[in-house]
Every structure is written in structure tokens, then in C-alpha cells.
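To start, the structure under review is shown below, and the notes come after it.
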Amino acid sequence: MSDDIKVLGISGSLRSGSYNSAALQEAIGLVPPGMSIELADISGIPLYNEDVYALGFPPAVERFREQIRAADALLFATPEYNYSMAGVLKNAIDWASRPPEQPFSGKPAAILGASAGRFGTARAQYHLRQTLVFLDVHPLNKPEVMISSAQNAFDAQGRLLDDKARELIQQQLQALQLWVRRLRG
């Protein structure tokens, strides 16, 4: 097994000016040596429907499942809607977790989020963590990255202006790297 750690970044927002997608872009520039981040595109994943699933996985779902299988770790960026993760993210997780095999099982993960509110996606992250634990994903506990007042933390081009948030993302990536190595044995 290679020492390089391949991380799959998954944004729970489809919005073109998404603060969460911007945070993932920022993370790409902050990865420690020996780590890389590839971004998943979940925009083509249809709403989960058992009738469609009975016919097989749609191509966008199969691509997403393959990206999960190929990754050493996962980095989720979720907005918060109504005290929870975004529906589009939950939908992608629901599709990817269907049998016969479970691509999420045993994967280390980290969660970050950005929100215009003052709690910075705290509730969404805890809800996402609960879902991931059920899927046998191993979420990193600390540091937590919850970017509040995102409209002030990012500029119009999506660059993160908040030095503390940038430092937390960098620390989280370093901790994720150590977590992956620890779980590898």
C-alpha cells in the first residue's frame, strides 16, 4: 500500500458560489505532503428511488461509489439546513451505501462546514457524524472546522479570508493524515 493518502472531498452543496465547495478548494491548497484531494461531483445523482435501484445503480452513483472505494479517506463539507445536513448530501450517501457491498465501511473521514449562521454547521456536522458511524465510517473527532458568518469569511471569488479557519483546516488535514496512518496499522 502506498504511503500517499488519497482523500475524496465531498461537498454537500450544489450551489455555484457554495462556501462549502470553496472550503474544499481551500483544503486542496493546504494538504500536507503525502496527501491529495480529489473532488466528487454528486450533482448528477438522482433522488433515491427503490424502483430505480432495482434496475441497477445509475452511472453517476456508480462513479461516486468507485471514487469512495478508491479513496483512503473522506472529507465532507456540509452546509446546514434546518438543523441537519443538506438533503443532496444525504441522498448521495443513501445511494452509495446500498448493497451489495458497502464502499464507506472502514473509511476514515473528516467533516468541515461553512454557514452564514453563527453556529457554523455544528448541528449538521453532528447529524452527519451519526449517519457515518452507522455506515462504519471512522470520523475524526478533532479539530472541528465550523466556519460561521461565511459571507464574511470568504471573498467574492471564494477565497477563504479567515486565517483562523484556514489554520483549522490545515490542522484537520494533518490530523486526518495521522488518523489514516493509525487506522492502517
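Here the Cβ of each residue, glycine as well, is placed from N, Cα and C on the backbone.
The FMN binding site feature in Swiss-Prot is assigned to S13, L14, R15, S16, G17, S18, Y19, N20, Y81, N82, Y83. Per Swiss-Prot, NAD(+) binding site is recorded for S115, A116, G117, R118, F119, G120, T121, A122, and the stated evidence type is a curator's inference.
Everything Swiss-Prot records as a feature, shown here on the structure.
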{"residue": "R15", "record": "FMN binding site", "Cβ neighbours (10 Å)": "12"}
{"residue": "G17", "record": "FMN binding site", "Cβ neighbours (10 Å)": "11"}
{"residue": "Y19", "record": "FMN binding site", "Cβ neighbours (10 Å)": "23"}
{"residue": "Y83", "record": "FMN binding site", "Cβ neighbours (10 Å)": "11"}
{"residue": "S115", "record": "NAD(+) binding site", "Cβ neighbours (10 Å)": "24"}
{"residue": "A116", "record": "NAD(+) binding site", "Cβ neighbours (10 Å)": "15"}
{"residue": "G117", "record": "NAD(+) binding site", "Cβ neighbours (10 Å)": "15"}
{"residue": "F119", "record": "NAD(+) binding site", "Cβ neighbours (10 Å)": "14"}
{"residue": "G120", "record": "NAD(+) binding site", "Cβ neighbours (10 Å)": "23"}
{"residue": "T121", "record": "NAD(+) binding site", "Cβ neighbours (10 Å)": "31"}
Open item on the list: For the C-alpha pair, I'd like the distance in angstrom between G117 (NAD(+) binding site) and Y81 (FMN binding site), rounded off.
Closed with: 11
Open item on the list: Let's check the environment of S13 (FMN binding site): how many other CB atoms sit within 10 Å of its CB?
Closed with: 23
- [ ] For Y83 (FMN binding site), identify the closest of the binding-site residues R118, F119, T121, judging by Cα separation.
- [x] T121
Task: 10 Å Cα neighbourhood of T121 (NAD(+) binding site): matching binding-site residues from S13, R15, G17, Y19 - done: none
Task: Winner by Cβ contact number (other Cβ atoms within 10 Å) across the binding-site residues Y81, R118 - done: Y81
Open item on the list: Using a 10 Å radius around its CB, how many other CB atoms surround A122 (NAD(+) binding site)?
Closed with: 17
TODO: Using only the Cα atoms of S13, L14, R15, S16, G17, S18, Y19, N20, Y81, N82, Y83, which the record gives as binding FMN, return the largest interatomic distance in Å, rounded to a whole number.
DONE: 22
